[in-house]
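Engineer: The following block contains the structure, expressed as structure tokens.
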Amino acid sequence: MRQLLPGDTAWRNIRLATMDPQQQTPYGLVDNLALIVREGLICDIVPKTQIPVSGDNIHDMQGRLVTPGLIDCHTHLVFAGSRAGEWEQRLNGVSYQYISAQGGGINATVSATRACAEDTLYLLAHERMMRLINEGVTLLEIKSGYGLELATEEKMLRVAAKLAAENAIDISSTLLAAHATPVEYHGDPDGYIALVCETIIPQLWKKRLFEAVDLFCESVGFSVAHSERVLQTAKALGIPVKGHVEQLSLLGGAQLVSRYQGLSADHIEYLDEAGVAAMRDGGTVGVLLPGAFYFLGETQRPPVELLRRYQVPVAVASDFNPGTSPFCSLHLAMNMACVQFGLTPEEAWAGVTRHAARALGRQATHGQLRAGFRADFVVWDAEQPVEIVYEPGRNPLYQRVYQGQIT
């Protein structure tokens with residue numbers, strides 16, 4: 001019988017989906033186990049017979065399924081305003097160009113976010129974050145990008161920091177100042193990129209308000225040349241990078257980000273084989289965002305077979321944002337990734353655990369249930385992991401554990 005030390009906590013009689021690729025079973029499934037937590041970390045995983053049936057700090061889960069805490073590695077959940085009205089306009093035949101000319105589109109979100117008080121912005125983001133927490137998310141990425149000026153980009157990142165400080169969740173903050181050209185720089189993307197590179201990135205990095213720099217390399221975003229200047233600026237400061245690339249066209253953004261050893265290349269619907277090879281060589285994770293694909297009515301699917309062939313890790317994320325993916329549900333994103341992009345349920349699970357952790361640079365501590373990893377996990381009223389993917393409208397979450405504490 002295993003002797004627990006003072007302060008240890010054990011979850012026994014569990015079916016563990018470790019998501020450890022070294023396990024030879026689907027999902028890394030092992031039955032009849034006990035998981036021992038010490039000081040917020042997984043101390044050991046042992047047969048359930050080594051742990052007493054009951055006692056202080058012993059939780060008998062009666063054979064329930066346990067998985068790593070979910071990781072949503074791409075969100076834009078700090079914003080103000082709603083774009084529901086313009087979505088209805090588009091469905092009624094009004095062009096996006098007309099809506100944008102009337103102050104709609106991303107500019108509407110930028111205006112609303114700039115005008116929103118920081119406390120109000122926090123409350124809006126907190127409600128959205130709680131929806132993900134209630135699905136079992138324990139690590140969440142949040143991007144800025146609706147400020148497009150120093151003050152509001154900083155305000156958004158402060159909100160993300162406060163969410164992390166005051167709630168039982170890890171947050172990885174990303175600076176996305178190179179999201180779009182703001183109206184005050186209309187026709188002058190060079191001037192705006194200069195502001196991003198010479199002012200916004202270095203000043204906010206000094207305050208350590210973010211962990212990585214992101215950009216939108218696209219025909220309706222920034223050119224390859226502009227994107228490379230952002231990447232050069234970040235790399236000169238030792239900041240990890242990532243990119244929204246190949247969403248609407250093939251510009252070579254994935255190759256560019258991979259040359260800078262980017263953490264991830266996100267969207268990638270128009271990714272070609274050269275881009276896939278570059279991602280493999282750069283150690284860059286491909287992040288699939290099926291919510292945006294669905295909401296925009298796109299038809300070009302990411303090259304999943306190529307990604308498999310080149311053994312590029314594939315993550316899945318909600319991309320929650322007001323303009324192109326108003327779906328604050330990682331369960332739904334997993335289902336969409338299977339139905340629309342052809343992932344297997346096991347690949348979808350890897351995409352919201354170990355591969356999502358890698359996309360955030362957290363692969364040594366998050367995304368798997370192994371000794372030494374963070375004790376962030378979810379207990380489900382389910383027998384198989386596929387159930388969570390199969391029926392996204394039903395949430396069988398039984399217990400969420402963050403740093404070894406039931407939340």
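Each Cβ is built from the backbone N, Cα and C atoms, and glycine gets one as well.
The structure displayed is predicted, hence computed values, not measured ones.
Annotated Fe(3+) binding site per Swiss-Prot: H74, H76, H244, D319, in sequence order, evidence recorded as sequence analysis. Sequence annotations record features per position, and here Swiss-Prot assigns Zn(2+) binding site to H74, H76, H244, D319. According to Swiss-Prot, the 4-imidazolone-5-propanoate binding site annotation covers R83, Y146, H179, Q247, T324, on the basis of sequence analysis. Swiss-Prot lists Y146, N321, G323 with the feature N-formimidoyl-L-glutamate binding site.
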Engineer: Looking only at N321, T324, which of these binding-site residues has the biggest number of Cβ atoms within 10 Å around its Cβ?
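Structural biologist: Buried the deepest by this measure is N321.
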Engineer: State the three-class DSSP label for N321 (N-formimidoyl-L-glutamate binding site), counting H, G and I as helix, E and B as strand, and everything else as coil.
Structural biologist: strand
Engineer: How many whole Å apart are the CA atoms of R83 (4-imidazolone-5-propanoate binding site) and N321 (N-formimidoyl-L-glutamate binding site)?
Structural biologist: 10
Engineer: For a quick check of packing: other C-beta atoms within 10 Å of the C-beta of G323 (N-formimidoyl-L-glutamate binding site), how many?
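Structural biologist: G323 (N-formimidoyl-L-glutamate binding site): 19 neighbouring Cβ atoms within 10 Å.
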Engineer: Rounded to the nearest angstrom, how far is the Cα of N321 (N-formimidoyl-L-glutamate binding site) from the Cα of H179 (4-imidazolone-5-propanoate binding site)?
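Structural biologist: Cα to Cα, H179 (4-imidazolone-5-propanoate binding site) and N321 (N-formimidoyl-L-glutamate binding site) are separated by 13 Å.
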Engineer: Can you name the binding-site residues among H74, H76, H244, D319, G323 whose CA is within 10 A of the CA of Y146 (4-imidazolone-5-propanoate binding site)?
Structural biologist: H76
Engineer: Record lists Y146, N321, G323 as binding N-formimidoyl-L-glutamate; longest Cα-Cα distance in Å?
Structural biologist: 11
Engineer: Hey, how far is G323 (N-formimidoyl-L-glutamate binding site) from H76 (Fe(3+) binding site), Cα to Cα, in Å?
Structural biologist: 10
